[in-house]
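One structure below.
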């Protein structure tokens, strides 16, 4: 018992000693009474090209800048191009018909209130390299691979 207590005390002391020399992952070496320099903001893609979707119900990403777009209870800038009545003039893709349904499946003349705030699901893409490796596999790739394995048998 005495050995375990002594060993624990040594380990805790060693950890406390080394913790002083570790950098905080978010602050770096910046002292607590100063502000650290923020990470750089990457530019937003502004290609106006549709990105492929990785799975069937994935919301499409926004292929353009949306800086200073007003989307609140008073106005929705997205609908100035993407609403059903504006797509002819803007040539933007129309909002999905599912956005015109209420929770009971009834079709509405205007966008459903639960689908009004676009950025809950749709996001612009930053032009930055990924921070971690992406190992996601599209379901179609998996089906093709499994079908090819089945043909070889």
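The backbone N, Cα and C atoms fix where each Cβ goes, glycine too.
Note that this is a predicted model, so its numbers are computed, not measured.
The stretch that TrEMBL tags with region 'Disordered', taken from the ranges 27-63, 64-100, is 27-63. Within 10 Å of the C-beta of residue 122 (heme c 2 binding site) there are 15 other C-beta atoms, taking all protein chains into account. Here the region 'Disordered' (27-63) has long-range neighbours at 93, 118, 121-128, 136, 138-139, meaning same-chain residues at least 6 beyond its ends whose C-beta is under 8 angstroms from one of its own.
Distance from the CA of residue 82 (heme c 1 binding site) to the CA of residue 99 (heme c 2 binding site) is 11 Å.
The Cα atom of residue 118 (heme c 2 binding site) lies nearest to that of 78, taking the binding-site residues 64, 78, 81, 82 as the candidates. Fewest Cβ neighbours within 10 Å among the binding-site residues 78, 121: this applies to 121. Residue 118 (heme c 2 binding site) has a Cβ environment of 21 other Cβ atoms inside 10 Å.
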